[in-house]
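Working notes for the structure below.
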Amino acid sequence: MSTQSLYSVPADIAANALVNNEQYQKMYQESVANPEGFWGEHAKRIDWIKPFTQVKDTSYDDQNLYIKWFHDGTLNASANCLDRHLASKGDDVAIIWEGDDASEQRKVTYRELHAEVCQFANALKAEGVKRGDVVTIYMPMVVEATVAMLACARIGAVHSVVFGGFSPDSIASRVIDGKSKLLITADEGVRGGRKIPLKGNIDEALNRPDVTTVETVIVLKRTGGAVNWVEGRDKWWHQVTDGAATECAVEEMGAEDPLFLLYTSGSTGNPKGVLHTTGGYLVYASMTHEYVFDYKPGEVYWCTADVGWITGHSYMVYGPLANGATILIHEGIPNFPSPARLGEIVDRHQVNILYTAPTLIRALMAEGKQHFDNFDGKSLRIMGSVGEPINPEAWRWYHEVIGHEHCPIVDTWWQTETGGILITPLPGATDTKPGSATRPFFGVQPALVDNEGNILEGATEGNLVLLDSWPGQMRTVYGDHERFVLTYFKTFRGMYFTGDGARRDEDGYYWITGRVDDVINVSGHRLGTAEVESALVAHDLVAEAAVVGYPHDIKGQGIYAYVTLTKGTEATEELRQELRQWVRKEIGALATPDLIQWASGLPKTRSGKIMRRFLRKIAANEITNLGDASTLADPSVIDTLIESRLNRAD
């Protein structure tokens, strides 16, 4: 193996790890050669009401596409996360919660969590929620967000969690798509010292004339702040649960029954509802959580992701709780009120495993390591990275300053669509290289292909595809199976196309190079450029807009918008700021353009297609080698854009 920047598995980790390198090789070969035998055995890690007899029934044929795992088995996800732990660890802590203000702390045992989930499940049933109904959850990072999810799973309802930073329009589009009759929210959220008007945003979303299905809004009293109230529709959480029974029988669900929807950005049009089912997802989330983080009973596990993202679903809720872990939930942001907060939380709660994002690591790095002078960190054993490729400088800083050079880093690559981690080191098995996601998890078969779909061998670079299914894979786009087929299986026949590019080095390690479609990765969160463009063009003074990502020191990628104004409109700094606020209101703060460049024209082919590769290069200040511009209707547009670019190095 090439030794350049190679970090070997620490001896103490290797000696006690669940999997060493030899075991990894053996298990991986078995998982690929005999997936039915491998997954049939490992699916026993969760409790089945009716055991399955068939393991894998999948087809990647785009004319006849289907994905089924364990499909004749039945189970309940809530029971797997709660009930099965009561006898052996009912009094163990399931959730440690710390508020945005560190003075607010709460510990919830498995027995207490079970009772709360049952009460809320009974309340949902009393409000008329039935098996298969989609319940929309728009909550802050409080214990009750997890309670709401598990209560839905308990009664067979499908939860659709919306990130608490999204705008009323984003909420509305998800409610409409899911036809939700019931919403769950809080009066306000608290994040970074600021109050977020969650109920106010819900009210605004529900005031839209095209939102017609919602009958009930359950509101958690988080801050006690003033809220508008719609009699008959709005109900307080504490009132609907008051007196509700603390036992609730679980609904027996088929392995292929939906567990949740989670909307993710596509390269075109509206966000798509990624549908995950119950059996395969839970097997995969729990198994990856245990093996990737080398989780040992009794350890405190902290995933810093918001519950509104897939990482929060798989590695804050379902994976860890199915494994009987103690999870830490932090309401705020880990660098508020100062960059020292992350270290303080780790020390205060003796966190053993930390799973966070490169964007936070880069933000802490920019503030300086002096903020960690008083950080002990001896409790930390394993650290993870998620959301986007981590640059080697940030990896090393994380390893040295947070991990004190003794914690293995698992740099994990996966997607909302994959349900769980696909390419990752295993702490006791994989020597790591800063910036590389390394090797595939069990049962995962990655390949690199050229633009014609030919498989590339050896050390090379190409489009990242997956050759066969795994249990955690999404099953469809909610209500639009054709979009599922078109998005993931039409580009390269017989393969799942990830939308990412990657290179494979001489050791077979994978390095993710980023999106190859029109999706931007901002602070580890995916945004479709089409969404941001649509928001800009909705403004009366904007004639046309093109949006691309560009390298950003903190966020990984920033949002760079080229805007053509309507005839006669003056391009002013005031208008630029107005457009930034406009997008923020339309989609959410995450989508706010970092840079808006006025453009009298955009580079288009004669057929009118915008050539984004030129825009990406200009935004990245890579102007010396733009490539062939002969297909453009007006090549002079390029010179004008270069001349007025905003992201200059000089």
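Using N, Cα and C of the backbone, Cβ positions are placed for all residues, glycine too.
Spatially close to Arg194 (CoA binding site) yet at least six residues away along the chain is no residue at all, judged by Cβ distances under 8 angstroms. Under the heading CoA binding site, Swiss-Prot lists Arg191, Gly192, Gly193, Arg194, Thr311, Asn335, Ser523, Arg584, citing sequence analysis as support.
A strand conformation is recorded for Arg515 (ATP binding site) in the three-state DSSP classification. Around Arg515 (ATP binding site), the same-chain residues at least 6 positions away in sequence with a Cβ under 8 Å from its Cβ are Gly499, Asp500, Gly501, Asn521, Gly549. The ATP binding site feature in Swiss-Prot is assigned to Gly387, Glu388, Pro389, Asp411, Thr412, Trp413, Trp414, Gln415, Thr416, Asp500, Arg515, Arg526; the stated evidence is sequence analysis.
Val542 (Mg(2+) binding site) carries a strand DSSP state (E or B). Residues or ranges marked as Mg(2+) binding site by Swiss-Prot: Val537, His539, Val542.
Annotation source Swiss-Prot lists N6-acetyllysine at Lys609, citing sequence analysis.
Note: the CA-CA distance between Val542 (Mg(2+) binding site) and Gly192 (CoA binding site) rounds to 33 Å. The DSSP secondary structure for Arg194 (CoA binding site) is strand. Max Cα-Cα distance over the annotated CoA binders (Arg191, Gly192, Gly193, Arg194, Thr311, Asn335, Ser523, Arg584) is 24 Å. When Cα-Cα distances from Ser523 (CoA binding site) are compared across the binding-site residues Gly387, Pro389, Thr412, Thr416, His539, the shortest belongs to Gly387. Of all the binding-site residues listed (Asn335, Ser523), Ser523 sits in the most crowded Cβ setting, with the most other Cβ atoms within 10 Å. Gly193 (CoA binding site) is 25 Å away from Gly387 (ATP binding site) when you measure Cα to Cα. Within 10 Å of the C-beta of Thr311 (CoA binding site) there are 26 other C-beta atoms, taking all protein chains into account. A C-beta separation below 8 Å, combined with a sequence spacing of at least six in one chain, links His539 (Mg(2+) binding site) to Leu579, Trp582.
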